[in-house]
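What follows is a short report on a single structure.
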Amino acid sequence: MGFAPLLVFSLFVFAGTTKGFICSFDSIYQLGDSFSDTGNLIRQPPDGPTFCSAHFPYGETFPGMPTGRCSDGRLIIDFIATALNLPLLNPYLQQNVSFRHGVNFAVGGATALDLSFLAARGVQVYDVHSPLSTQLKWFRTYLGSICSSPKECSNKLKNALFILGNIGNNDVNYAFPNRSIEEIRAYLPFITEAVANATREIIRLGGTRVIVPGMFPLGCLARNLYFFPDGDKDDLGCLSSLNDLSIYFNSLIQQALASLRIEFPQAVIIYADYYNAWGFLFRNGPALGFNSTTMLKCCCGIGGPYNYDPDRECASQGVPVCSNPTEYIQWDGTHFTQAAYRRVAEYIIPDIIKELKCSYSSIQHLTEGREALHINERE
């Protein structure tokens, strides 16, 4: 699978590498897909309210009702906001809410590539109208509402953190039908270019600190395991060929970010290693509190070895939900549980904080308070 071995993080070691620096973020701007969407998809006419994330049991763990998050509760972006002592981001399409501390532009089902690009190559995308280019348009519109000149905009964004993704897995999923792995692989450079161009635009508009997550292991998703029952499996039961796609895409993204760092030396551009973060989780799940018998099974779903049936999805009538989502990694076959997102956040946040040169004191609440992340539980 190519996952990194079990890693041990110590807050005491981490503190020593960052002492003397202060994190001064006053806002976060998130672009991406359903792994980051906090409520935009369900507010898009005409079909928004019909999407599953608008219905229970989505949101059952937090906040106790559906919010548009494709999970039982919080997402990685929520834990990042909490770690930086900022409020959870409101979705761009929600009315009468505050955007003082940032905006979430991510939309469930979004692609990195424009829909016209995909359509020209025979890739059909249904019910999705807000690819990455649309989210950038929203950001430009928002920016125009808070500043009127490049200098003023740069000043407004000087203490902002941008997170671009993860995004790109939908481009791959939509292209799967009737295409070989080799054909899908040929799409990845185009997806990489779209992400790189979006990063470039964010920096040109005034962003100076940008996180670009990589792709998670596609071969471990219950949905993909359902659709490729005869695929080659690794020792964890994940599809090796699909995970190889993720690895290849991540190598392309890292190369693109290296070039962007040369192009924009004034910016801090961080690669977030989602692949190994999720790999850590799948490989060490039982030690982290997850049930060893349900690692690849859905908490909310029905049927088959993975508790997943695309014709009877989570939130559909008669589809059950597990009573213990904290013991499951997978939520609905395509997305993950709050418990899983929390653990991935634990994995990536220390590296992000270190690269952003934040002080230990600025992340004390990672291990204190009611929303503690307990990074040191790996020890």
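Every residue, even glycine, has its Cβ placed from backbone N, Cα and C.
Taken straight from Swiss-Prot:
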{"type": "ACT_SITE", "residues": "S34", "note": "active site, nucleophile"}
{"type": "ACT_SITE", "residues": "D332", "note": "active site"}
{"type": "ACT_SITE", "residues": "H335", "note": "active site"}
{"type": "CARBOHYD", "residues": "N96", "note": "N-linked glycosylation site"}
{"type": "CARBOHYD", "residues": "N178", "note": "N-linked glycosylation site"}
{"type": "CARBOHYD", "residues": "N197", "note": "N-linked glycosylation site"}
{"type": "CARBOHYD", "residues": "N291", "note": "N-linked glycosylation site"}
{"type": "SIGNAL", "residues": "1-20", "note": "signal peptide"}
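Features as recorded by Swiss-Prot, highlighted on the structure.
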residue: S34; record: active site, nucleophile; Cβ contacts under 8 Å, 6 or more apart: L41, S53, C70, A106, V107, G108, G109, A110, T334, H335
residue: N96; record: N-linked glycosylation site; Cβ contacts under 8 Å, 6 or more apart: none
residue: N178; record: N-linked glycosylation site; Cβ contacts under 8 Å, 6 or more apart: none
residue: N197; record: N-linked glycosylation site; Cβ contacts under 8 Å, 6 or more apart: none
residue: N291; record: N-linked glycosylation site; Cβ contacts under 8 Å, 6 or more apart: G285, N324, E327, Y328
residue: D332; record: active site; Cβ contacts under 8 Å, 6 or more apart: C52, C70, C298, C299, C300, G301, Y308, E313, C314
Measure from the Cβ of H335 (active site) and count the other Cβ atoms within 10 Å, all protein chains considered. 26
Helix, strand or coil at D332 (active site), per DSSP? coil
The correct three-state DSSP answer for N197 (N-linked glycosylation site) is helix
